[in-house]
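What follows is a set of notes on a single structure, which appears directly below.
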Amino acid sequence: MIIIFAVFLLTLLVITAIAIVRAENLFVAVMLMAIFSLLMAANFFILDAADVALTEAAIGAGVTTVIFLGALSLTAENEKKVELSRGVAMSIVTATTLLLIYATFEKPKLGDPEAPVHQHVAPWYLSETPKLIDIPNVVTAVLGSFRAYDTLGEVFVVFTACIGVLFLLSAKNPADKQSRRTPPESIGLRHHLIPKVVGRLLFPFIVLFGLYVQFHGEYGPGGGFQAGAIIATGIILFALLEGEKTALAAVPHSVMMAMVAGGALLYTMVGVVTMFMGGNFLDYSVLSSNPVFGQQMGIILIEAGVGITVCGALLAIFHAFAARENY
Amino acid sequence: MNPTEHLAALQVVVPFLAAPLIVLLKAKRLAWAATTLTSLLTFCIAIALTMGVLDGQNYQYFMGSWPAPYGIELKVDAFSAVVLLIITGASTSALIAGYHSLDKQIGAKRQPMFFAAWILALAGLAGIVVSADAFNIFVFMEISSLASYVLVAGGPDRRALPAVFKYLIFGTIGATFYLIGVGLIYMMTGTLNIEDMGVRIADVADQSPVLVAAGFITVGLALKAALFPLHIWLPNAYTFAPHIVTVFLAACATKVSLYVLFRFDFFVFQENLGGQQLHFTFFFLPLSVFAILIASAVALFERNLKRLLAWSSVAQIGYIVLGASLVSIAGLTASVLHVFNHAIAKGSLFLAVACLACHIKRLRLTDIAGCAKAMPWTMGAMVLAGLSLIGVPGTAGFISKWYLISAVLELGGATGVFLTAVIVLGSLMAVIYVWRIVEYAYFKPQGKKPAVSEAPFGILAITWIVAIGNLYFGINPELAVTLSESAASVLMGHNK
Amino acid sequence: MTIIASLVIPFIGAIGIALAGRFNDNLREAVTLITAGLLAWTVWSLLPEILAGGRPAISVGEIVPGIEIAFKVEPLGMLFAALASGLWIVNSIYSIGYMRGNQEKNQTRFYTFFAIALSAAMGIAFSGNLFTLFLFYEVLTLSTYPLVSHKGDEKTVRSARVYLGVLITTSIGLFLPAIIWTYIAAGTGDFTMGGILAGKISGPEVGLLLGLFVFGIGKAAVMPVHRWLPAAMVAPTPVSALLHAVAVVKAGVFSITKIIVYVFGIDFLASAPSADWLMYAAAFTIIAASLVALKQTNLKRLLAYSTIAQLSYVVMATAILKPLAEIGAAIHMVAHAFGKITLFFAAGAIYVASKKTELYQLRGIGHRMPWTMTAFTIGALSMIGVPPTAGFVSKWYILAGAFEADNYVAIATIIGSTVLNAAYFLPIIYYAWFVPEKPGVGKDHGEAPMMAVLALTITATLTIGFFLFNATALELERQLVSP
Amino acid sequence: MELLGYYNYWVFAIVLMVGFYAVIVRNNLIKKLLGLAIFQSAVFLMYITMDKVEGATAPIIQEGVTDQIYSNPLPQVLILTAIVVGVSTTALGLAMVVRIKEAYGSIEEDDIIAKDRKS
């Protein structure tokens with residue numbers, strides 16, 4: 001049964017992708033993109049990748065769509081109809097597709113246990129985690145400890161993106177002189193009664209769920225990235241409902257920058273502290289007398305760092321886009 | 001905590017520590033000072049690493065003390081030492097020289113973020129060179145690319161934005177191709193550590209996914225290294241970026257992708273895939289020949305000074321790839337040597353352009369007519385760097401040309417002679433386009449342009465230090481040569 | 001040690017001149033003369049040691065394993081260095097007179113680059129291997145570029161571009177690959193007696209490599225690559241004197257001779273059939289250049305084409321590959337230097353005194369400028385090879401060598417070119433002395449400035465003197481052939 | 001069942017090329033960024049298809065359970081990182097598009113080139 005459901009989802013995925021490319025109206029395309037991400041999340045869930053499904057849903061569907069819509073509001077709605085040289089592009093694309101499909105025949109089949117991927121490094125992780133780090137969720141163990149350096153790099157990718165967006169959107173807007181379109185106190189949604197009431201109800205639970213995901217990372221799917229995204233989307237919902245000024249009052253710009261910088265600094269400092277205590281960079285077992293406990297403490301600390309940075313970054317990016325009109 | 005053990009890790013951790021702090025600094029001069037200090041510190045670490053590598057110490061560092069294929073491993077050998085030196089050296093000299101020029105081009109409020117992006121670009125590039133884990137290289141490639149998009153987008157000219165957008169599109173496609181290639185190899189070998197990959201790929205060598213993976217990685221990295229047909233993003237990106245950013249990017253950004261390409265090709269693919277050398281040569285040799293000839297030809301007719309030098313960079317990358325595609329010890333030595341010498345030559349040229357830009361607004365050739373009388377020192381440095389680019393004896397460029405031609409002649413036969421002709425033709429075109437600049441500067445009348453005075457002392461001193469570096473490494477290239485020879489033997493050593 | 005001194009002295013002199021130039025002109029002139037004198041003294045002090053058969057050598061530093069900057073003094077290098085340093089003194093005296101007479105601007109730059117060019121010439125003379133030779137060859141090209149483009153107006157810049165274009169293209173395009181090919185084939189680039197390529201390469205490759213060398217060294221102005229010499233006539237006369245007689249052209253021909261003698265080896269080349277073309281190329285250049293010189297009207301361009309012809313004398317003499325011809329080639333370098341520098345000084349003096357440059361203006365100038373024109377006549381006779389002058393000595397040895405090799409083409413070329421030389425020099429002398437001046441053509445003018453005339457007479461006496469006291473030079477060259 | 005084994009990879013190939021096509025052909029900058037996002041998500045699908053093991057569950061080890069086989073955790077970690085990279089690139093791209101719109105007044109590539117050529 002699952003197999004039919006998987007095939008159905010995959011075909012739906014292909015259809016949505018083609019629909020996005022062909023959509024004239026950009027707003028429709030962005031909405032289709034959200035559906036595309038949700039389908040992708042569902043596929044991941046079927047393929048036993050719970051953590052990744054949660055991330056894809058939170059970041060892929062949630063945050064990307066918000067940023068796209070923010071950008072759309074500042075640029076054009078529709079795509080100009082122009083016919084570019086489709087022949088050449090079509091031929092390149094079909095050629096590469098055939099090449100890729102040719103390469104699939106010698107790949108190990110889906111779910112084949114003898115595939116080389118399952119022989120070499122993965123069994124070690126599955127067998128060593130209970131002994132060395134003793135936390136149920138092996139993905140968080142690998143993410144937090146075995147390949148912690150990757151995740152550090154990842155935090156700094158988000159950090160760079162946040163700086164980049166702020167740097168780009170802090171330039172003076174040349175078209176600023178003529179009109180200040182929206183009145184100074186942007187009042188959020190106009191016909192706002194129902195969404196405001198429901199929003200105010202929902203908002204605390206979203207943040208609570210975010211915190212749950214943050215600290216539940218070791219036991220089930222979850223972790224810094226997902227938690228940061230969920231909390232950020234919660235606050236963005238608040239900003240959309242209450243209007244950007246009140247949201248900035250709640251989480252001012254300086255706090256956001258402090259969160260972004262603080263999270264990254266926390267993560268790096270954890271590594272540097274382990275260096276000072278005699279281990280290699282990011283070797284948590286030196287953090288406390290009992291190495292297993294040290295590992296767990298290390299993972300919690302860096303997950304907190306990741307969560308803070310991702311939440312701060314996504315908020316800063318949203319506010320940069322939102323504030324752009326009356327800049 | 002004895003620092004010498006952790007040198008390899010510190011090379012990346014120090015800038016990572018500095019970046020969040022710099023963002024929080026408000027004063028623009030303080031942000032610049034912090035960035036320059038960090039860059040200088042990374043330069044010292046790079047020098048320490050090189051000294052260590054020179055007397056035979058091989059740096060192997062396990063992140064989180066997890067053994068190699070399970071955790072992430074850092075490795076520094078001769079080739080990485082050379083590239084590290086260029087990255088940190090270029091960044092330090094560009095920063096020290098460039099405060100006034102940057103201050104003019106970027107608003108005060110935005111400078112802390114700009115300098116944080118600069119330090120992240122430096123950290124990303126150093127991270128790629130130091131890391132020995134395929135996926136880790138992808139992550140750091142993303143950090144350095146995103147940061148360099150931000151740096152290029154800092155350019156004052158409005159045309160910087162479409163240029164950087166094209167740079168983003170090409171860069172992301174290149175990185176994603178690399179990701180697909182690594183994914184396919186991981187699928188067939190089950191490991192991400194490059195050394196381990198080289199060993200385990202032997203028994204799945206000739207299956208189609210591995211061949212397709214080799215294709216994807218090569219195309220992806222060639223795209224990020226702006227090798228000839230995939231170089232379209234480079235000229236505009238370098239032209240419209242702030243002058244000091246061009247100095248930094250021109251000296252090292254594309255060479256890091258070549259570093260990864262050579263490590264992958266010579267460690268993983270060369271020895272295992274049947275006849276991979278032939279594929280490697282047949283794919284890269286014609287491309288590099290086209291790069292040298294066509295890019296130099298375009299540079300001949302270019303009117304904007306910076307775009308002229310950007311096109312010449314595309315040509316010089318052709319030389320580096322030509323050296324490597326000979327797949328011989330001599331060829332590889334020549335190509336690593338040219339990585340080093342070109343960084344110095346191109347770095348000093350762009351520094352001289354930055355000096356010119358202090359007083360001359362638009363950098364078309366007609367705008368710099370007759371500026372040599374008013375700016376003798378700047379033009380002197382530019383001529384010196386130009387000579388090194390051409391490869392006049394006594395300069396660094398000559399040494400790499402000398403090695404390149406001997407490597408090609410050792411190849412022997414018709415191809416050897418043809419390739420020598422290509423190299424010679426390339427350097428002759430270099431003579432012409434460098435002399436065009438000199439002739440405009442020295443002999444064309446000043447005309448009615450406003451009076452021009454010499455560049456401020458700070459940037460001039462650094463330009464001259466790097467220009468004299470050209471001479472020093474021309475007369476005594478012992479450091480660069482020993483490093484490239486051991487790099488070549490390491491790269492070829494894997495390949496029986 | 002004196003080798004390094006001979007290199008460093010002109011360099012320090014250049015810096016001294018540049019600094020002195022800031023204060024006043026006389027100080028700068030003094031520094032120039034002192035440096036020239038000092039250099040000549042150090043170089044000439046080497047002579048007795050070389051005559052006694054010594055070969056002082058020194059290696060400065062190893063650039064890259066297998067390639068080093070090394071110097072070695074051997075007879076040919078000694079002769080060239082002595083010639084260049086000696087003539088520098090005379091040229092400096094002449095330049096002071098010429099520059100002052102013509103009120104040329106930025107003279108400091110002129111003298112500074114002149115000194116740097118001299119230090120490059122010394123480097124070429126004493127170079128111990130191909131790499132050092134190439135290094136100083138390029139420095140000479142680059143240091144003479146500002147001299148050639150001294151005036152800086154549009155015409156000078158265009159011809160300076162031709163000058164630099166041809167020289168850099170040939171050196172990077174042909175000379176560098178040839179050197180690298182030699183390094184790879186022979187494993188070393190050092191100049192050793194009897195050549196290093198014997199047995200290493202054979203068949204058509206020998207001819208090809210020789211071609212790369214001969215046409216790579218653009219300074220020797222063998223026919224297809226000669227275009228830069230007439231183009232360089234836009235330079236002021238002392239620079240032309242430098243180009244033709246003191247350093248640049250001599251460096252070119254000297255390098256070719258040195259490569260033929262010390263890289264290929266005379267007997268190896270003689271045994272290689274594919275190397276004969278050089279003799280014919282040189283012969284063709286002599287005849288063609290002399291014919292072109294015939295129809296020239298401008299005095300300096302005429303002298304330029306005559307230089308191209310005379311240079312190919314040296315190349316042809318070396319190509320005859322006989323000991324006597326080698327000596328003749330070396331001696332001809334010296335004889336041509338004295339003769340041609342006198343002619344150039346005379347042309348310059350005429351220009352300074354009367355601004356005349358065309359041949360038809362020289363009618364009856366002998367009576368107005370007796371000293372200059374007597375020197376001019378001696379120089380012209382030396383070019384033709386009439387007995388009392390130096391030209392005769394070198395042509396005698398070259399002819400002897402040609403007869404020894406019974407190479408009839410060479411003999412015919414020498415005789416033919418002597419006739420042509422006479423054909424384009426004698427009319428000038430005849431017009432100058434025996435045809436009365438057309439009234440009212442140019443303003444009446446006296447002799448050239450005293451310093452210029454002094455230099456003229458020195459070189460004229462040298463031309464005749466060399467005919468009488470050439471024992472030392474001959475002894476020096478005899479060692480070149482028999483080790 | 002045999003067909004399904006490769007179906008995932010075929011979907012990966014097709015979605016990858018749809019994204020690539022959009023980036024090359026489409027003229028609108030935002031549509032290009034959408035294409036880029038699709039292009040990157042296809043790669044995520046390829047990695048995650050690798051980690052599935054027949055009859056296994058997500059790699060979360062409960063205490064008592066011993067005979068359970070688990071899917072491979074490593075590709076999931078890699079893709080967690082890759083998703084965030086994708087978002088960062090898209091955010092930066094969109095910021096650039098906003099700035100281009102303000103500087104050029106249009107986000108169609110041919111208009112931008114035309115405006116540049118005119119000035």
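Cβ coordinates are placed from backbone N, Cα and C, and glycine is handled just like the others.
Taken from TrEMBL, the feature transmembrane segment covers B:6-25 (among others).
Sequence-distant contacts of the transmembrane segment (B:32-54) (same chain, at least 6 residues past either end, Cβ-Cβ under 8 Å): 4, 7-8, 10-11, 14-15, 18, 21-22, 25, 76-78, 81-82, 84-85, 87-89, 91-92, 95-96, 99, 102, 111, 115-116, 118-119, 122, 126, 479, 482-483, 486. For B:32-54 (among others), the entry in TrEMBL reads transmembrane segment.
Here TrEMBL flags B:78-102 (among others) as transmembrane segment. Residues 11, 29, 32, 35-36, 39-40, 42-43, 45-47, 49-50, 53-54, 111, 114, 118, 122, 125-126, 129-130, 242-245, 247-248, 251-252, 255-256, 259, 262-263, 336, 339-340, 343, 347, 351, 354, 357-358, 456, 458-459, 461-463, 465-466, 480, 483-484, 486-487, 490-491 of the same chain lie 6 or more positions beyond the ends of the transmembrane segment (B:78-102) yet place their CB under 8 Å from a CB of it.
The transmembrane segment annotation in TrEMBL covers B:114-131 (among others).
Taken from TrEMBL, the feature domain 'NADH:quinone oxidoreductase/Mrp antiporter transmembrane' applies to B:132-420.
Per TrEMBL, the feature transmembrane segment maps to B:137-155 (among others).
Under the heading transmembrane segment, TrEMBL lists B:167-188 (among others).
Taken from TrEMBL, the feature transmembrane segment covers B:208-228 (among others).
Marked as transmembrane segment by TrEMBL: B:240-262 (among others).
As annotated by TrEMBL, transmembrane segment applies to B:308-333 (among others). For the transmembrane segment (B:308-333), the residues of the chain that approach it from at least six positions outside its boundaries are 225-228, 231, 234-235, 237-239, 246, 250, 254-255, 258, 262, 266, 270, 277, 280-281, 283-285, 287-292, 295-296, 298-299, 302, 339, 342, 346, 349-350, 353, 365, 389, 400, 403-404, 406-408, 410-411, 419, 422-423, 426, 429-430, 433, 437, 481, 484-485, 487-489, 491-492, 495, judged by C-beta separation under 8 angstroms.
The transmembrane segment annotation in TrEMBL covers B:339-360 (among others).
Long-range neighbours of the transmembrane segment (B:381-405) within the same chain, counting only residues 6 or more positions beyond its ends whose Cβ lies under 8 Å from a Cβ of the stretch, are 312, 316, 319, 322-323, 330, 333-335, 337-338, 340-342, 344-346, 348-349, 351-353, 355-356, 420, 423-424, 427, 430-431, 434, 437-438, 441, 460, 463-464, 466-471, 473-475, 477, 480-481. The transmembrane segment feature in TrEMBL is assigned to B:381-405 (among others).
Per TrEMBL, the feature transmembrane segment maps to B:455-475 (among others).
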Tertiary contacts of the transmembrane segment (B:137-155), defined by C-beta under 8 angstroms and 6+ residue spacing from its ends, are 12, 105-106, 110, 113-114, 117-118, 120-121, 123-125, 127-128, 131, 161, 163-164, 167-168, 171-172, 175, 178-179, 182, 224, 237, 240-242, 245, 248-249, 253, 256-257, 260
